């Protein structure tokens with residue numbers, strides 16, 4: 001299996017932006033020479049310095065991550081087949097379409113090959129642009145063919161440098177969001193430093209480059225920054241229109257590049273719904289954002305040839321339900337506290353019922369079953385009933401879909417990020433409760449959203465949005481580890497904003513009777529600077545060690561397998577095996593597959609379960625018949641799956657297959673009473689004994705320490 005080994009014989013003064021100022025600050029500003037002119041110069045200087053630092057820190061992060069990738073794999077020196085194998089599992093599948101577009105004689109033929117693809121799933125012609133989010137690979141391949149760079153840059157480098165370039169945009173967007181919230185670019189600098197020092201928990205781009213989230217999250221960060229600016233009160237009409245355009249473009253690109261877009265934006269819609277219901281957000285602005293979400297998804301649906309999974313998404317049903325419920329409850333924000341609370345609960349119940357009703361109607365009309373595995377997984381995950389469903393258990397047993405490990409908080413605490421986050425979160429949550437109670441108690445409160453009244457606790461709409469955003473995505477990350485990258489990156493933004501926010505320090509100092517404008521100024525600058533110095537002192541040596549540690553890609557068994565397939569099998573041969581390995585087969589050899597890791601289609605899931613019977617307790621005749629039904633010529637068996645020890649008993653792939661087939665699991669331990677002993681031994685073990693029933697259907701044609709390849713006979 002693939003590993004990384006050590007390389008042998010290789011040596012190698014800030015001023016804040018305008019924010020609702022205190023009276024004392026106004027007096028100090030009036031004493032400055034030239035009055036408004038001086039303040040304007042300071043603002044321009046601050047914007048120039050802050051903007052320059054934002055661009056520099058983004059580029060440095062990009063270079064840092066690209067260097068780590070090069071150092072880990074020695075990417076510039078390994079063979080092309082090794083580079084391609086390094087794109088593991090679904091990453092290899094996505095990259096194969098970029099390669100396919102470049103190898104096509106013309107762009108038109110390349111498009112035709114993607115729309116009428118018969119090599120990704122044997123004996124089927126599928127539209128890849130409809131099924132998968134691969135427009136980014138299409139766009140990059142067109143750019144590479146059009147731009148005059150072929151002589152200077154290999155296709156693979158154009159691809160990976162684009163992804164690392166997006167990381168620069170990602171960090172810059174986080175920086176700007178924190179700056180917008182706090183009013184000082186020092187906050188953005190701290191957010192960027194925290195992002196880099198917590199790299200293990202904020203990104204995995206350097207070893208999963210083509211993963212969809214690495215394309216999508218930079219656009220998501222741009223969208224959050226644009227929404228943060230859009231929610232500011234008293235925007236000029238032109239600024240509002242340009243910001244809405246930025247929100248729309250970033251939302252559209254985010255939706256186009258990631259298949260999980262609808263679930264992320266559903267969380268975002270819940271944030272808007274919560275804030276709108278509690279009068280923390282102008283209703284008109286919430287309506288604009290709902291509309292942008294729906295419009296973006298519908299445009300993506302059109303580009304994906306009317307992908308039914310998008311039309312049947314909960315997001316569209318939820319947003320439509322909000323609009324309908326608003327029309328039915330026009331006087332939602334009037335009355336006494338108890339009256340409004342009752343109306344709010346009724347409103348919530350109405351939206352929930354309408355969402356489920358509309359979603360069920362749409363799914364029945366479209367006969368949609370593509371996302372049923374997700375709901376089975378969620379049902380089993382949250383203890384709403386035990387399941388023997390193979391697909392649900394396949395997700396449940398993967399660490400990435402389990403609960404967030406407790407040691408994550410230890411790593412986040414080492415950089416002081418978690419402590420700062422909890423500190424800021426506790427203060428803002430308290431303020432949010434006070435403001436929500438005040439708004440529900442005062443029927444006129446919606447008229448003064450975003451305005452500050454002297455002597456009252458206030459929460460800006462943009463702050464409230466980011467607060468609920470970080471809470472909801474925090475719950476998502478805690479329940480599903482794979483989604484932690486949404487939370488941890490925003491955690492950097494939110495924690496840094498709070499430490500640099502004059503409002504946070506004002507509330508804190510007033511609560512301990514130490515309020516003074518000068519103390520606010522001292523705290524909001526000194527605390528972030530001290531943390532930045534601490535981060536530099538503690539983590540700079542380690543980062544330098546990382547950059548000097550040189551290793552290389554090492555996976556000779558997989559390289560040998562791919563070279564053998566290229567040299568000894570017909571171009572039209574059909575291969576069966578594990579989803580993860582077959583993605584590499586598709587990329588490195590171009591052979592036809594029976595199944596692959598893009599698990600978002602119901603028929604593909606059924607096909608994968610059938611192919612995986614090679615690791616179950618089934619008769620050789622049954623396995624042969626199943627594989628031949630998909631046109632299989634060769635099947636690849638992996639010892640790492642057949643004799644798997646990585647997962648505990650009950651979560652090994654062979655155990656999941658046994659349970660789904662109603663068979664007792666191997667090894668010591670309990671089995672459910674209704675599980676029965678299998679009539680046949682495990683196929684992947686027994687085939688190696690070369691017994692007559694197996695030899696009659698399967699002939700071994702290749703083996704090494706990891707893989708065994710068998711050719712299927714064509715006799716019935």
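Any Cβ shown, glycine's included, is placed from N, Cα and C.
Caution: TrEMBL annotation is automatic and unverified by curators.
What TrEMBL records for 44-66 (among others) is transmembrane segment.
Below 8 angstroms of C-beta separation, residues 14, 16-19, 46, 49-51, 53-55, 57-59, 61-62, 202-203, 217-218, 221-222, 224-225, 228-229, 232, 415, 417, 462-463, 466, 489-493, 495-502, 524-525, 528-529, 531-532, 535 of the same chain, each at least six residues beyond the ends of the transmembrane segment (168-195), sit close to that stretch. Residues or ranges marked as transmembrane segment by TrEMBL: 168-195 (among others).
For the transmembrane segment (215-232), the list of distant contacts is 136, 163, 166-167, 169-170, 173-174, 176-177, 180-181, 240, 243-244, 246-247, 250-251, 253-254, 257-258, 261, 264, 281-282, 285, 288-289, 450, 460-462, 465-466, 469, 485-486, 489-490: same-chain residues at least six beyond its ends, Cβ to Cβ under 8 Å. The transmembrane segment annotation in TrEMBL covers 215-232 (among others).
Taking Cβ pairs closer than 8 Å, the transmembrane segment (238-258) reaches residues 133, 135-136, 212-213, 215-216, 219-220, 222-223, 226-227, 229-230, 264-265, 288-289, 292-293, 295-297, 299-300, 303 in its own chain, all 6 or more past its ends. The transmembrane segment feature in TrEMBL is assigned to 238-258 (among others).
Annotated transmembrane segment per TrEMBL: 270-291 (among others), in sequence order. Tertiary proximity for the transmembrane segment (270-291) is limited to same-chain residues at least six positions away from its ends with a CB under 8 Å from its CB atoms, namely 227, 230-231, 244, 247, 318-319, 322-323, 332-333, 344, 347-348, 351, 432, 435-436, 439-440, 445-446, 449-450, 459, 461, 464-465, 468-469, 472.
Among the features that TrEMBL reports, transmembrane segment is placed at 297-323 (among others).
Among the features that TrEMBL reports, transmembrane segment is placed at 344-362 (among others).
Among the features that TrEMBL reports, transmembrane segment is placed at 416-437 (among others).
Per TrEMBL, the feature transmembrane segment maps to 464-481 (among others).
According to TrEMBL, the feature transmembrane segment maps to 487-509 (among others).
Per TrEMBL, transmembrane segment is recorded for 521-540 (among others).
Spatially, the transmembrane segment (487-509) is adjacent to the transmembrane segment (416-437); three or more Cβ-Cβ distances between them are under 8 Å for residues at least 6 apart in sequence. Sequence-distant contacts of the transmembrane segment (344-362) (same chain, at least 6 residues past either end, Cβ-Cβ under 8 Å): 273, 277, 311-312, 314, 316-318, 320-322, 324-325, 328-329, 332, 368, 440. Among the stretches 44-66, 297-323, 464-481, 521-540, the one making the largest number of Cβ pairs under 8 Å with the transmembrane segment (416-437) is 464-481.
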